[in-house]
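Here's the structure we're looking at; comments come further down.
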Amino acid sequence: MILTINEVLTSSELNKLLDGLSRAPFVDGKTTAGWHAKLVKNTVQLDKNSQEWKKAENIVKTALDRNMLLKMAVLPKRIHSLLFSRYETGMSYGSHVDNGFMGGQEFWRSDVSFTLFLTSPDSYKGGELVIEMTEGERIYKLEAGSMIVYPSSFLHRVETVTDGVRLVVVGWIESLVRDPSEREFLFDLDTVRRSIFTKEGKSLEFDILSKTYANLLRKWGK
């Protein structure tokens, strides 16, 4: 399941991020790419050793932790390996698939990838995120503060930025439920039961759906 979520960041959070990143040091993005992805990665990213990195990470993780739609759709166990990436004119990231595990010796699984956009789509040309699927390609270029989440198993790329600067946060989520089809099934169930609760309160139908949801999560969750 591919999902876009609007207004993940408040305007205040977005401004704080942009202000901090404008003064922070960036380094070659190849340092965090897998051995094969290094061949096609041409970006710079926020230096993890800088004072700004922890501040930026805290802002983003706070925003993600409070987003109910993200929690329902992804069932996060751990949000990890955040990268603050900048694409200047001429930069791109060729077709690749994300590593199955990240975090060095921690071995955190990457079930879901996300891109959180920090710059307006009108402020740069090119730089589209392209997700390569069996049925064709899907192209995304979202508003600042919005994000896209998608299974980490997909090939994807970022087209060349031909003018301006593309600034994004990318990261990965280890889900309580690793199978994407099972996550989508649970998301649909959760959406329906919440809709019923809004209309009818704690009805018999709501209780039955909640029982089914809880038992499937118990069965599929890890």
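Note that Cβ sites are derived from N, Cα and C of the backbone, with glycine treated the same way.
Here is what Swiss-Prot says about this protein:
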BINDING   H96, D98, H156  Fe cation binding site
BINDING   R166  2-oxoglutarate binding site
DOMAIN    78-175  domain 'Fe2OG dioxygenase'
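Sequence features, as recorded in Swiss-Prot, placed on the structure.
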residue	record	Cβ neighbours (10 Å)
H96	Fe cation binding site	19
D98	Fe cation binding site	21
H156	Fe cation binding site	22
R166	2-oxoglutarate binding site	27
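Put simply, H156 is the one of the binding-site residues H96, D98, H156 whose Cα lies nearest to the Cα of R166 (2-oxoglutarate binding site). In terms of DSSP secondary structure, the domain 'Fe2OG dioxygenase' (78-175) contains 6 helix, 61 strand, 31 coil. Other than the site residues H96, D98, H156, same-chain residues with C-beta atoms no more than 8 angstroms from the centre of those residues' C-beta atoms, the Fe cation site, are A37, Y93, S95, V97, S113, S152, F154, L155, R157. Mean per-residue pLDDT, taken over the domain 'Fe2OG dioxygenase' (78-175), amounts to 96.
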